[in-house]
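Student: First the structure, then my questions, so here it is.
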Amino acid sequence: RELKRIGWTVVMLDGMDSVGIDHAPEVLNRPEVSLYFVSFVLVGSYFLVNLVVSVVIDTYNQEKAKLGDRCVYLTESQNAYVRSHRRMIRGVPRVFFDSAEAPPW
């Protein structure tokens, strides 16, 4: 409940009002307890955000590895276009010859 940041201030105020076992609570008796709650919420929220982001990035990298050199968000024809332009930029011509025909040089 505290990590979701729903109603954690009520729990913090109850903790600050605590006195001891079999004693009535006193308003803001222990203000140092608020440091624990604030640090717990900040660290817990940071951990959860990092966990979610790492899962998203890991899943993206797994999908990218499955596709190889193809782009994730492109169709097959768009991927073919990108591959042909990459070859053209590298300057490596790809010439295919018929196996029955001798090369022209």
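Backbone N, Cα and C define each Cβ position, glycine as well.
TrEMBL feature annotations, pasted as is:
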- 6-66: domain 'Ion transport' (DOMAIN)
- 35-57: transmembrane segment (TRANSMEM)
Student: According to DSSP, how is the domain 'Ion transport' (6-66) divided among helix, strand and coil residues?
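Tutor: Across the domain 'Ion transport' (6-66), the residues distribute as 43 helix, 0 strand, 18 coil.
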Student: To what whole number does the mean pLDDT across the domain 'Ion transport' (6-66) round?
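Tutor: Looking only at the domain 'Ion transport' (6-66), pLDDT averages out to 89.
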